[in-house]
């Protein structure tokens with residue numbers, strides 16, 4: 001039905017009992033109205049046909065076979081008469097069997113039942129509207145206590161109780177037998193309310209506009225009081241103010257959506273279409289059924305028992321009726337949410353029943369798995385890995401995924417460039433992986449963005465556009481800076497890749513969804529492309545250095561190699577294993593690293609530009625060395641100053657590692673590139 005009417009959204013909310021009936025009711029030509037499920041049976045054990053008025057009734061939900069009724073008759077071709085839409089014998093409609101996927105039924109409850117989502121949810125909507133504690137409402141719903149119903153302004157037995165305490169105490173011997181007489185039932189129904197019916201009465205008496213006005217007045221009074229200095233009282237006042245705001249918002253929402261508060265208490269229980277809760281027969285007379293069918297059976301049995309007791313109310317004890325009402329409430333709670341009463345309900349094999357909430361919610365629920373997570377054409381899926389050589393707006397696609405996604409475009413270009421004569425030969429060239437295929441594939445990918453998505457897509461940065469490039473292997477390569485927007489890491493996460501086909505979709509991807517255009521969080525405005533997880537660990541390892549300090553070279557007895565010397569001479573740079581090497585440029589240090597003479601965390605001395613901050617520092621040198629020609633070396637914790645005999649500074653050497661040098665070069669190149677780009681814009 002969603003495809004038929006082209007609905008763009010789906011919303012879950014409250015509906016009226018009249019709407020539930022309209023979903024299910026069908027009028028037969030003889031005037032009979034069908035739609036109510038009254039029996040807990042499913043299929044007849046001999047004929048394997050659905051039971052009448054049961055959970056799989058063909059009269060209520062439609063035929064199992066298209067155009068064939070329960071009698072085996074079929075509708076005459078071309079018959080458009082209204083009377084011929086239904087079988088005159090069994091009452092089954094001659095319709096397509098797919099109607100059993102959306103035709104609903106209903107159960108008429110013998111007593112009102114609260115909807116567990118609105119009673120026990122956080123926050124409790126019923127408790128918020130009634131401004132009563134949830135514990136008291138639960139006790140009222142499950143029959144733990146009752147309250148006096150203000151049904152009339154005349155004096156009643158319960159109202160006069162406080163005026164005649166002494167007289168009542170003296171008449172206890174005559175009052176007690178009254179509760180066991182049939183007259184007590186009339187008295188109870190008139191003056192005492194309990195169960196979900198009491199909640200429904202209170203909700204029906206609410207005036208939402210008055211609730212908003214009174215809550216606003218109380219909130220202003222609390223705001224004018226200010227702080228009292230008592231921490232406990234101030235905390236209670238803050239909690240009350242938050243509650244009043246939430247109550248006003250809830251009442252306003254009910255008014256705007258034209259929803260009545262008493263609809264949170266059910267009088268009619270909808271029954272799902274049978275195709276959404278199937279029964280499957282397997283070999284060996286084994287039957288596999290949905291748990292929802294068993295939960296519906298429990299509701300119908302208990303509801304029928306309660307209806308029977310209410311018909312014989314003059315013979316049934318009041319306590320038995322209240323107990324049966326509680327059982328109906330618990331059965332409906334289990335159907336809607338199995339774990340609402342603490343421990344979930346289990347079957348005879350100690351297996352937890354899967355309720356409607358369990359079917360809907362979670363990663364394997366109806367929405368995320370079936371509706372949002374279903375497979376579509378022109379899409380693929382694979383594990384993500386780091387792509388160190390990629391730009392921020394690029395992603396690496398494996399050859400297998402790329403050729404599958406862009407196969408139609410490659411075939412079109414092969415035929416256009418007269419490399420093949422028809423589609424069949426083009427597919428064979430692709431299957432044989434000829435070189436021209438990869439050339440055309442790269443040309444096609446150069447002008448076509450792709451979309452990467454990681455479930456769950458909780459905000460708009462969960463799906464972004466990238467420029468694809470071909471990579472070896474079977475994994476999708478990704479720049480690590482975009483991981484925070486996806487909430488992804490490289491420990492086995494998978495991502496889906498989609499191909500935008502229309503020109504509008506490609507334009508939207510380029511203008512709005514490219515990763516280098518989504519650098520800030522849309523929620524709070526903070527940078528979203530920041531180093532996280534793997535990048536932070538890599539930067540830490542790159543810049544960790546040698547924690548043993550400058551004195552490790554002199555006093556380290558196990559780290560020196562006095563008998564092994566390796567010289568590295570390049571532009572007056574000297575490296576020996578028995579002391580920390582000295583380099584006159586970062587290029588020399590990188591050359592030594594490529595020749596495996598030093599490692600990333602090996603301490604070294606690097607000649608640096610004259611820095612006035614280092615020269616003017618008040619740090620005391622660790623050691624000062626003088627040479628015969630008058631030159632001297634002032635050794636500090638992280639740098640070395642070389643001066644001449646005239647006390648002039650000739651050069652400065654900093655003590656660093658190759659990891660620090662590489663990190664500094666990357667930052668310097670990035671800053672220079674940004675400065676050049678900024679100067680061009682000016």
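Just so it is clear, glycine is given a Cβ too, placed from its N, Cα and C backbone atoms.
Under the heading Zn(2+) binding site, Swiss-Prot lists 69, 71, 87, 90, citing sequence analysis as support. According to Swiss-Prot, the feature Mg(2+) binding site maps to 489, 491, 493, an assignment based on sequence analysis.
Overlay of Swiss-Prot annotations on the structure.
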residue	record	CB count, 10 Å
69	Zn(2+) binding site	23
71	Zn(2+) binding site	12
87	Zn(2+) binding site	22
90	Zn(2+) binding site	15
489	Mg(2+) binding site	14
491	Mg(2+) binding site	9
493	Mg(2+) binding site	16
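Surrounding the centroid of the Cβ atoms of 489, 491, 493, where the record places Mg(2+), the chain contributes additional residues within 8 Å, namely 384, 488, 490, 492. Apart from 69, 71, 87, 90, the residues listed for Zn(2+), the same chain places the Cβ atoms of 70, 72, 73, 88, 89, 91, 92 within 8 Å of the centroid of those Cβ atoms. Counting only the Cα atoms, the space from residue 71 (Zn(2+) binding site) to residue 493 (Mg(2+) binding site) is about 54 angstrom. Of all the binding-site residues in the record (489, 491, 493), the one with the smallest CA separation from residue 87 (Zn(2+) binding site) is 493. With respect to residue 90 (Zn(2+) binding site), the closest of these binding-site residues in Cα terms is 493, chosen from 489, 491, 493.
Here the CA atom of residue 69 (Zn(2+) binding site) lies 51 Å from the CA atom of residue 493 (Mg(2+) binding site). Geometry remark: residue 69 (Zn(2+) binding site) versus residue 491 (Mg(2+) binding site), CA distance 56 Å.
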